[in-house]
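What TrEMBL says about this protein:
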REGION    1-83  region 'Disordered'
COMPBIAS  1-25  compositional bias 'Low complexity'
COMPBIAS  58-74  compositional bias 'Low complexity'
DOMAIN    122-238  domain 'Cyclic nucleotide-binding'
DOMAIN    241-362  domain 'Cyclic nucleotide-binding'
DOMAIN    372-469  domain 'Cyclic nucleotide-binding'
DOMAIN    536-797  domain 'Protein kinase'
BINDING   LEU542, GLY543, THR544, GLY545, SER546, PHE547, GLY548, ARG549, VAL550, LYS565  ATP binding site
ACT_SITE  ASP663  active site, proton acceptor
DOMAIN    798-851  domain 'AGC-kinase C-terminal'
Amino acid sequence: MSGFNRSNRSFSSPPDPTNSSTTVSGLNSHNRKGGRDSITGALNLYNSPKSPSRKVSRSLGSPDVPVGSSPNPGSRGGRKKKQALFGESYDPLALAKADKKVIPKKDASREIIASALLSHFLFSRLPDNEIITLVDAMEEFKLKEGETIIEEGAVGDYFYIVEEGTFDVLIGETVVLEIDEVCSAFGELALMHNAPRAASVVASSKGTLWGLDRNTFRSTLAATSVSAVEDIKSFLGKVDMLSGLDAAQKSTLAQAVEVQTFEKGQMIIRKGDVGEEMFVIKEGSVVCKVMNEDHAAVHDSTIKTVDVTLSAGDYFGERALMFHEARAADVIATSSCTCYTIASNVFNMVLGSLKDILENNMRVTLLMSLDVFASIPKPKLNALAKALVPMEFEEDDEVICKGYTADHVFLIKSGSASLECNNGETVVLSQGECFGEEALLSGDLYGMTVSAVDDLECLVLMSSTLQELEITLPGKCLARLKYASESRFNNKVQSRQSFGAGHLMEGLEEIRADFGQEQEDEELFQPINIQGINEITTGRTLGTGSFGRVKVATHPESGQILALKILQKEAIRQTRQEKNIMNERFLTGKLRHPFILHLYGTFQDTNCLYMLLEIVMGGELFRLLHGDGTSENRLSIEDTAFYTANVVSVYEYIHADDIVYRDLKPENILISTDGYLKIVDWGFAKKVVDKTYTTCGTPEYLAPELVQGTGHGKGVDWWALGILIFEMLVGRTPYVGDNPDDTMAICRNIMNDEIEFPDDFNPEAMDLVEGLCTREELTRLGCMCGGSEQVKVHPFLESINWKKLKAKLIEAPWKPTVKDKMDVSNFDDIYDDEPEYIEVYSGDQEVFAEF
């Protein structure tokens, strides 16, 4: 059978008991009229099996100006503001359990579909199992001559592959292209988001197309990705040495796993070779030969010389993750065998030393068992765990002495210690308990003497470490701690057991909710309670967006100048963005950072949602870079480093709480009058513990995993930062090409091309951009072991004092001119004479009940 095979794999279907294939006619039923705020209406034909280079790649059916799009009010001249795209959200765990869509088809058709998919940038990097799943899901469409497949201006959600026939592409009544090649494909933009079609496609003969709709495409990739990771995690869960990893670490490791296949009789491990990877058997079996007491594969040190057969679910070679030592046995495949493999160097790169991880996880668990530390966010807790210093004491050693300055807290790792109370009684503490908590109370003295009962090993925390790590314990927690410290002399059992066992502080959830709310922010940003639009005075428009606009507003009661963000409910409903809007409301209300726009309050009426926001009159970073849209200004290295550090500081803060921003661009960055940045527009932000699968963001800033739809996390933010650095230094983004409206050309460039740097590009900045824009998320700067710290210590940012930056003690490179609180001269002029048309909301008001 002829057709396209990758790595000699056929995409022909297995024997199928079902009989006839399904054909569907009436393609216009898949095109919905209307559409809002398209970033491009391009048809995006893709006919060539080759991927053009960035310099020449263009979607063949893309006109320069999208049909159905309106002029951007914030753009005049050459450089338009970048518009975001957004798609439906999916529940990956639910999708993983759902039945896959399988439409029977002939082998010849399967090979045509597979060939077309594998030659297209959206699919070419997908593994074979996902290609097969997509081939299974594609629907057959039989066309009559003259039948319309795509209608210009309609919102499309199907991507098509040609099996036979000829098709005309028309803009208006003019035929601009003829499609007659088997494996040609068109309409791929529809797989990413709702976009009005820029041209019509009409069958000029009888023909056959295979179609894939956006929901099936996105949900299939999400389900396949989740299933694969969950499958790997279940296998890794059987490895005793990895049992101490937490859920997030196991998920990260599952994504770093590779699959290797071995033929019967093939040597997998040779005795005496230095071990560099471990293996978990997915399918098949192996034999381990010439075992000795040093080899752990059979998990029985009494077996010295014996052949042991291992099968699916078993593992071997795991000591390679901790020890650089020679293999103790030959391991040979006794059948065709598939293994999950983890290389020790990859493990160390994405997670760090296994020995260190297990030790630190133990420390974190110990800290979390103590109420005084339980409310600290996980990243800060990890840093605190690493700062603990091990100390050992022999029997009868005096560890702390009553009346001395309290400057160390002791956590018992092993052994026991005795406390002498005021009444002369003694209390014995054991593993998992702590003493010396007075060190957390400024200026306190130790209230008792503590001695080692036997060999005692402690993890010691210096009181100054909390300040160095910028960790603030909740006020209520400290108050209760002080009470416990003072009452311990008279009520030794209650004070000791309650505190150590985790029962001292009632209402722990209340304390956790209070944690992180900086007192300074609470004083500066008192909430404003408004029930209706008539309670404030609105001024001119500062900017417009997909769902409404932002206006200057005055609160008459306090005289405070604010920014009022007005969101139309009907526009939100039509684009199914209710969840994103609610996310924005709650996240913006929670976040407290000097470089994040503050939310004062919210209210709503029948047709609109309103957000009262901190006003920033310095204008957008976009204006600094591009003026009125006609220029490409290049910032200096020093200025770029300063603005980059602002963003890194925000990322470090939000990523610590597992929040991903997902829409970084100069248009979403305001410059305060003090010259520091404010990150705005949190509509795409989301709390993501593992991965999420919603397509959203701005095309020029999309990371490869967002383009492809295979799931993404915090790595998309670091990629976008690399793009921003490039734009600040060059005046344009690296993947935009000649036409910023051609979304699919931009996405193709992101997937296929390397960044081309100007000859005068700063070498350190280049290294940082290349690290941030690494296509493989796991090896991207900011995503590996060390996280944001890797970025902060990069040579490009070595001049930044991070504590002074957050305290705004560094002189900003540029401060915008603002004459008074109502000066809006740093924003683009927007036609604002006529009242904005408000659409009547036709949805369920309950959706926004908690806004």
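Keep in mind that glycine also has a Cβ here, set from the backbone N, Cα and C atoms.
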Extra residues within 8 Å (Cβ to Cβ centroid of LEU542, GLY543, THR544, GLY545, SER546, PHE547, GLY548, ARG549, VAL550, LYS565), ATP: THR541, ILE566, LEU567
For LEU542 (ATP binding site): intrachain residues, at least 6 apart, with Cβ closer than 8 Å: ARG549, VAL550, LYS551, VAL552, ALA563, VAL824, PHE827, ILE830
Farthest-apart CA atoms of LEU542, GLY543, THR544, GLY545, SER546, PHE547, GLY548, ARG549, VAL550, LYS565, residues recorded for ATP, distance in Å: 14
The domain 'Cyclic nucleotide-binding' (122-238): DSSP-derived helix, strand, coil residue counts: 37 helix, 43 strand, 37 coil
Lowest local Cβ density among SER546, GLY548, which the record lists as binding-site residues, within 10 Å: SER546
Integer Å distance between the CA atoms belonging to SER546 (ATP binding site) and the residue listed as 'active site, proton acceptor': 14
Most Cβ pairs under 8 Å with the domain 'Cyclic nucleotide-binding' (241-362), selected from 372-469, 536-797, 798-851: 536-797
Residue counts (helix, strand, coil, in that order) that DSSP gives for the domain 'Cyclic nucleotide-binding' (372-469): 23 helix, 38 strand, 37 coil
The domain 'Cyclic nucleotide-binding' (241-362), counted residue by residue under DSSP: helix, strand, coil: 32 helix, 39 strand, 51 coil
Maximum Cβ pairs under 8 Å to the domain 'Cyclic nucleotide-binding' (372-469) - stretch from the list 122-238, 536-797, 798-851: 536-797
